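Record features (Swiss-Prot):
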BINDING   CYS69, CYS72, CYS79, HIS82  Zn(2+) binding site
BINDING   ASP487, ASP489  Mg(2+) 2 binding site
BINDING   ASP487, ASP489, ASP491  Mg(2+) 1 binding site
REGION    813-825  region 'Bridging helix'
REGION    1660-1766  region 'Disordered'
COMPBIAS  1706-1716  compositional bias 'Basic and acidic residues'
COMPBIAS  1742-1756  compositional bias 'Low complexity'
Amino acid sequence: MSGGAALPVSQMELHKVNEVQFEIFKERQIKSYAVCLVEHAKSYANAADQSGEASMICVWVPLTSNSACETCHRKHPECPGHFGYIELAEPVFNIGVFDLVLLVLKCVCKTCGALLLNTREQDVHKKLQHVTGLNRLRQVAKMAEAKCRVSTSTEDDMGIDGFDSAPFNGGSGMGPGATRGCGASQPRVSRFYGIYPTLVIKAVHEEQDAEWHADKVRQVLDRVSDDDARLMGFDPQRCHPRDLVLTVLPVPPPQVRPAISFGGLRSDDELTHQIMSIVKRNNQLRRDKESDVQAAIDRSRALLQEHVATYFNNASTYYKPTKVNDTKKLKSLTERLKGKYGRLRGNLMGKRVDFSARTVITGDPNIDVDEVGVPFSVAMTLTFPERVNTVNKKRLTEFARRTVYPSANYIHHPNGTITKLALLRDRSKVTLNIGDVVERHVINGDVVLFNRQPTLHRMSMMGHRVRVLNYSTFRLNLSCTTPYNADFDGDEMNLHVPQSLLTKAELIEMMMVPKNFVSPNKSAPCMGIVQDSLLGSYRLTDKDTFLDKYFVQSVALWLDLWQLPIPAILKPRPLWTGKQVFSLILPEVNHPATPQDRPPFPHNDSVVMIRRGQLLCGPITKSIVGAAPGSLIHVIFNEHGSDEVARFINGVQRVTTFFLLNFGFSVGVQDTVADSDTLRQMNDVLVKTRRNVEKIGAAANNRTLNRKAGMTLLQSFEADVNSALNKCREEAAKKALSNVRRTNSFKVMIEAGSKGTDLNICQIAVFVGQQNVAGSRIPFGFRRRTLPHFMLDDYGETSRGMANRGYVEGLKPHEFFFHTMAGREGLIDTAVKTSDTGYLQRKLIKALEDVHAAYDGTVRNANDELIQFMYGEDGLDGARIEGGQLFPLPFRDDKEMEDTYKYEYDVDGTFSGKVGGNYMDPHVRKMLRADPQNVRKLQEEYEQLTADREWSRKMLDLEDRDKLKLNLPVNPGRLIQNARSTMGKRSQVSNLSPITIIDHVRKLQEDLMKLFPSYHRGGDGYIRNTLSRERIESALTLFNVHLRQLLASKRVLKEYKLNDRAFEYLLKEIRTKYHQSLTTPGENIGAIAAQSCGEPATQMTLNTFHNAGISSKNVTLGVPRLLELLNVSRNQKHASMTVSLFPPYDEKRNAQKAQHLIEYCTLESITRRIQFIYDPDPRHTVVEADRDILELEWNVMDESDAELRIQEVVAGSPWVVRLELDVDMVTDKALDMKDVKQAILRVDESYIIETGMANNVRQRTIRMRSRYNEGADSIPKLKREIPALLARVHLRGIPGVRRALLKDTTEFTVDQATGKMSGNKIWAIDTDGTALRRAFIGVVGEDGKNIINAVKTSSNKVPEVCSLLGIEAARSKMLTELREAYLAYGLNINYRHYTILVDTICQHGYLMAVSRSGINRSDTSGPLMRCSFEETVKVLMAAASFGECDPVRGVSANLVLGNQARVGTGLFDLVLNMAALQQAVPQAEAVAPGKDVNVYHSLGSTLQQNIQSSIAYRPRDHDATPFVNNASLFLRQGFGGGSSSAPVTASAPYNPSTTYHGGRLEASAVHRSQAYSTSPALEYGGREASASQMYSVMSSASAFNPVSTRMSSVAHSYSEYSEASSYHLQHSVAPTSMQASLPRTDNSMTMQGIGSVSVPYTPHAMSSAAPPSQVYASTEVGRSHSEDSRSQSALYVPTLSPTHAGYAIRGDEPSTHRSDSNVMWREAGGGREQDEEDDLSTNYMPTAKTPQQAAPPTAAEFGDEEEEEQ
């Protein structure tokens, strides 16, 4: 091989790494891999002087660009580097595995190396059965240590030296009865802690200490057999315990420790110097051993060990860090691997990337919501690679030859050479060849990835379309700032340009902004109208906004409309209302969405009502068009799809911006000044509050204030005062807003929702209000006062933080000081919680990153372990869930059930004469009576509904009737309303039969079962596996119950009055939308769950709040509570129980008694003062306060008792212990003084209780004295013993329950007679402190029965629940506690994300902490995943020591190795259909001569149109394949039917199997009113789709169609064509062989077998394409002549619109519905009717919105034969 010859780059695909095997290199392996022995500490800077040492040079000298390796003769970077090795003079410890060496030594005999366990014992195998690796070694060491401890403690039964011979009998690998071991006494080994830290093992034997160095330990480990090593968890083939001690040290190549060159100087790496030091110390030790001086040997050995240890880890506790100079520490191998900037996390898990840009962002309301404004400088620097082919060669050549933007930067040739175009003098002669790759500039319409850090959730990285603009900042639409959490105060964002078509396709299909309008976190929109656009919408739709013709025409141009609606006012001049203008933007939707939400028609224009796309009343506010669940954004997304939402947002922003530019809006000082009437009312509020505070203070001073449960008097006072002051601010805010005039700019912004609240306007104009710190008033901080300016002990409102002035007037100095105190708290919280929540989210991501949805519908991790049978227990996508659906079924009583669901039939099963009444068709009633079985079916329906009611009452968490709302994937109520408004007539009688309704609803439920994936489904669709069938039935149970109660036959007939067409449309919609809601296989739902739980945590505060005014139960909230739960903390700060009570203790009065019985109470807790008094005479006490009661007790005492008492007192101590009890606490606890006396005597009988005062005495005292006279030692002894005694005297309650508080809950009961359900208030006990085990035992009440209902009693301490009740109970409790932690801050996260997190924590049967102690201790995750989280080197060392193997299945492992992760689009493999490939049309034949088709760029525009111009455009269509279909496509320029037309594509040979999309395209001009989309990818369902829209659908689907239509660069996407475009009908000739019966497709049909791509429902006449030689016509019986004339169609010719917005008024032509029985083909020239319809088709202009709206497909179009054919 010639020196320095570079190897050619291989074109072969790299093999994928399937697994990684870890092991520790043995001595012979290190030597075999090395190229030389390193014996001299030389840098070999001058390689020429080291002749004869070539191998040594390649170890020491780093390669330069001109030099070649002396070993392999390759140049940099082809040379991989070569190892050397150092032969150590003595073995040394590897600091990374030193702890493992200690564990092994504890397991084996130090003399013979045998295992210190009897492996024949069953207990040994039982404990080691399920543990491997490090956990196994720890378990063996634990058992061996316990065995040795037992042996030494029972020496009488032992053998030699106190050790049982049993552990050495019959070990592994030995025959039965064979004897193992030497029986030697075993020293105790531990780490040596000397004056100077070192790696030495301390061995203690017979009280003599010895130091074992590595050579001694190596000798012991060398005697360990392979079988014993295997039992300890080692793999002897990978790592024997002897290999843990180093005898040979490998020297890494210079590529690992490159030198730094600067000018002519070179500086070696720190590791190089450390290796040199090791070589020097090693040589010195060898020389010292030859000299045989022990002191020198010890010193050299210690230095060698230290240098080797710090070479591996320079941050350990064994040695002081080695420094390379006075300040800088050595960066060892460990420091280079671990940490955020180490090799794993810094260079493998995350990398720096090319083709990215970063700059400041600014807002721009004139670009689309899915666009990003890119500066020219960025667009000319970033490039996109396009491969040259026959299709795009001409266009790319023009790019390459241009010298100004848009141009190209580089050309990559197939031979590997690169042409830099900027260096060419003459670029006009550049030629391109097929196969070249041109890196062209980023141009308008390119798809890029936009990101803002921190990337907390999926919506922080979204795809945008490029809009190249002037200036130097990224321009962002304001509606996109919410998911990015961005503002324009200097934020910077990152832009990434995809570098492949696959990446671009994934961006378009999954990451574009419209795809992410609805967040899976809250199942609600994360984007909406904000800021100025929201304010403009409110003012535009105000009831007194009227607009003239000039303004409305301007708006029409913005919206690309050419026909105005009829003005609301005609005289004296035409005026349009703002609501009419806003209606031009609205698609055909209804709001409120469901009938039960519909309010009565308001007279004050206060309620928004939208019907069929017309805003009838009400102003548009944030709740209507903002990012809120159930808003207009949400409804449009569910009804019409994401693209329609984008159109709506873009239209609103353009119109409102134009409106504000013309009408203006400003805020001035006059808006902040309150009038005299408002100031007077505010002053009255302040005076009223001040008097109220004074009353509370007076009541507290008089001790008459009602104390709250568990609170002291001072705490109750503070709670009442703080509550009164906060109410004062709220009341003032409401009055301030109501008194402000309607035109006040602040009020307008507040009511619109664009900025501010009523509290803000109150603080600005009136007063700021009470300032709180940590949820309470400003505390005393300066000698019993808040500030030196106030009196001592001033508890008034002014001195404790009340600010009585507003911002306009200005705060007083002390008010300003208090105000800054409250603000500082928020700043500190924000600073502290940022790091905590960021680390919390990282832990969540690591724990859940491998959890994904599998193709069988289950949820699994990387090892295919089952996490859930169904994602979220229902298998649905969180973004498709609709909340807020009322569910009144559980609250219906028997009478309401009968009125709503039951028909009029007798008990004997015969219909009464009233059946059907006025809501059933007479023919249906006659048919119903004809068959006696019909009654039975109706009875079964009612029985099923009654059973559903009972099931829902038992299973659901019931609330009030108006609050019980369901979260389901489909909103049937809205679909029913849509069906009624489009197909039904309110006055008509339904033509449906109840039996038909019941059968169709049951059929629908069976169809829903078939939508779920399962591997056990037979050919008939039935699932034969019981478990698989049950999980699907369980997922559908709640939805089926809701569906049955909504679509009960009587409700459909009587309440909805649906006809057959509307009912079949409704069922089809429900099925389709449910199918769309199923989660996608491969979805990384674990990461979504982690983001959904981690991102809202940033909105939490870190404080532990004291709920003032509610109870004194201290609860941990926010991030600390989350950390407690996720870390599975066993020492919770505020653990508590909820104790349920048996009747009658669940009533309030009895619950108070139970409260005292449960709360733990000792004598210490109720004792206020302890006195020691010398009082030897019991009859004449020296305490004056006790004389009366003592005299009373002596008088009632018998003489014998009195004499006995006197004798005891005389013999006892003269010192009396006087306990003064807290009267209030004794009263609260309901304690009897006799009980206290008995409790004292139960604990200690050495005391005489002289008196316990009677219960009716105001002062409660106890006098007690010792029975023994200790003389002078009495007082010290009493002072020592009495406090301990008081703490031990247990009066009542459960130990551990520090406080018990009453808590009321609602329990629903059912009246069996009427079936009515009512809620009753019952009382339970909330405790501070937990003792669940003791609570389960119970507490006996006054009647001698247990008062605690253990079945309903729970603790918030999850580990305690797990230990007592098992893992399932712990899972349920963990789920409940997580939800409550988020709900405390108003964060309502979708239920399915909690379940993923909780099931992952509990999946192994124990609670796995989401921390390094849980994730890195799990055996299921591989070493690569664990080391990428934390403890990098520790994990890798353990993996190598125990020979672990990583199967490379997880996300982290694949990222480390550069593989595609097996989630998402990487979960499946694609198989190429070679047969279909043979039928593909070649590129050269598919493209017309001289024409260029843009395959790579979504814009599809000419080069000149990419240059900045005044004509805006909106590219939208996706990439398509470079093939065309059999249709000839013509374009006309101009309006209303221009005269010029030119074909832009040639015809391809006709292929019947590939004409589906083309056929839909051809027929779309005629049947666009019938096009009905049911697919999320093709989102025009329910709205008339224009021909240009249908083309957009066509081009989007063309990626799946081998023969698809491709428009020229002039033809833009649907957004560039409005429905005002003209559709020109062209003639063509059809062959006679075409059949009238056309193929069709179902919603679940897949395109070309790729994935599960849903296609829209298409009427039969649109299902196939006519050949180029055919003409298509349609007639229908019963249609009018004018309607039938519109049915004549051929290829359409859309006309370009002059503006860039694609909006139109719907209903521009009547709806036509045709069945396939009325479709026929006619030969060209077969007598086409010539009449006025020709002029209509060529000069068509849309008209205003008319009552004849486009109706959804008819019932006939949803025939059963369609599904049968599918």
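Just so it is clear, glycine is given a Cβ too, placed from its N, Cα and C backbone atoms.
Nearest to ASP491 (Mg(2+) 1 binding site) in space, judged by Cα atoms and limited to the binding-site residues CYS69, CYS72, CYS79, HIS82, is CYS79. CYS72 (Zn(2+) binding site): 15 other CB atoms within 10 A of its CB, across all protein chains. Geometry remark: CYS79 (Zn(2+) binding site) versus ASP489 (Mg(2+) 2 binding site), CA distance 50 Å. The region 'Bridging helix' (813-825) scores a mean pLDDT of 92 in the predicted structure. Over all protein chains present, the Cβ of CYS69 (Zn(2+) binding site) has 22 other Cβ atoms lying within 10 Å.
Other than CYS69, CYS72, CYS79, HIS82, the residues of this chain whose Cβ falls within 8 Å of the Cβ centroid of the Zn(2+) site are, in sequence order, CYS58, LEU63, GLU70, THR71, HIS73, ARG74, PRO80, GLY81, PRO253.
Counting residues of the region 'Bridging helix' (813-825) by DSSP class, helix then strand then coil, yields 13 helix, 0 strand, 0 coil. Taking a C-beta cut-off of under 8 Å and a sequence gap of six or more, ASP487 (Mg(2+) 2 binding site) has these contacts in its own chain: THR481. Between the binding-site residues CYS79, ASP491, the minimum number of other C-beta atoms within 10 Å of a residue's C-beta occurs at ASP491. Taking the mean position of the Cβ atoms of ASP487, ASP489, ASP491 as the Mg(2+) 1 site, the remaining same-chain residues with a Cβ inside 8 Å of that point are ILE361, ALA486, PHE488, GLY490.
Counting only the Cα atoms, the space from CYS72 (Zn(2+) binding site) to ASP489 (Mg(2+) 2 binding site) is about 57 angstrom. Considering other CB atoms within 10 Å as the measure, the emptiest surroundings among the binding-site residues HIS82, ASP489 are those of ASP489.
Here the Cα atom of HIS82 (Zn(2+) binding site) is found 53 Å from that of ASP489 (Mg(2+) 2 binding site). Here the Cα atom of CYS69 (Zn(2+) binding site) is found 54 Å from that of ASP489 (Mg(2+) 2 binding site).
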